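Undergrad: Quick one: structure below, then a few questions.
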Amino acid sequence: MTLYYSLVFLLLVAEMVIFMALIVPLPFTWRRKLFTFISESPIIAKLQYGMKITFIFILILFIDSVNRVYRVQIELAAAQKSQNTGGAAVLGGSERMEVQARKFYSQRNMYLCGFTLFLSLILNRTYVMILDVLRLEEEVKTMKGDPATKGGKSLKDAGNVGEVAKLKEQLAAKDRDLANLKKQVEGVSAEYNRMGDQVSGSDPIPKKDR
């Protein structure tokens, strides 16, 4: 197995571990803290951005593996047809084994990339469904006056993975832009006042007295 397919396999194992962690029954307080951290952590937001790029490459590998499987199938079908019709192009034992090995590796890579992409969709959907269930559970506990809902942050503000962190970064960038704009306005205002003072100081006699 090549290096990039080994990395895809490690990613598949990591996805299975994350999926098991999501479905493990935990107390409501622990689960709320976990999902709040996932939605607000800037590290998770950056990791999610990197994973999107990674899944694009995995999709390319999946398409390439499907193409390889298709070509090997065509090659085997052509050899079988030639053998049945008594043609000269018949695969020998070693050649047939080599083609069968390429077929096996191509199918393995196709299934590996396909399951990795499919499980990523399952993880995203599972996260959204669990988050919706936790929000409803929090509303029910709040209506009942459960003390477990009083501590910690509410799940109503929690969004997708890293969404809150992205919004906070955008808000901080806008605050920096606003602060820079205020400094520029203050600088322009100060320069205008200085030039006004210079003009008024150089011409102290009114025009009607001249």
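Glycine residues also receive a Cβ, built from the backbone N, Cα and C atoms like all the rest.
If you look up TrEMBL, you'll see 1-142 marked as domain 'BAP29/BAP31 transmembrane'. Per TrEMBL, transmembrane segment is recorded for 6-28, 49-66, 109-134. For 162-209, the entry in TrEMBL reads domain 'Bap31/Bap29 cytoplasmic coiled-coil'. Among the features that TrEMBL reports, coiled coil is placed at 164-198.
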Undergrad: Restricting to the same chain and to residues at least six past its boundaries, which positions have a Cβ under 8 Å from a Cβ of the transmembrane segment (49-66)?
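TA: Tertiary neighbours of the transmembrane segment (49-66) are 4-5, 8, 11, 106-107, 109-110, 113-114, 116-117, 120, 162.
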Undergrad: How does the domain 'BAP29/BAP31 transmembrane' (1-142) divide up by DSSP, counting helix, then strand, then coil residues?
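TA: DSSP composition of the domain 'BAP29/BAP31 transmembrane' (1-142): 127 helix, 0 strand, 15 coil.
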Undergrad: Tell me, roughly as an integer, the mean pLDDT over the coiled coil (164-198).
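TA: Result for the coiled coil (164-198): average pLDDT 75.
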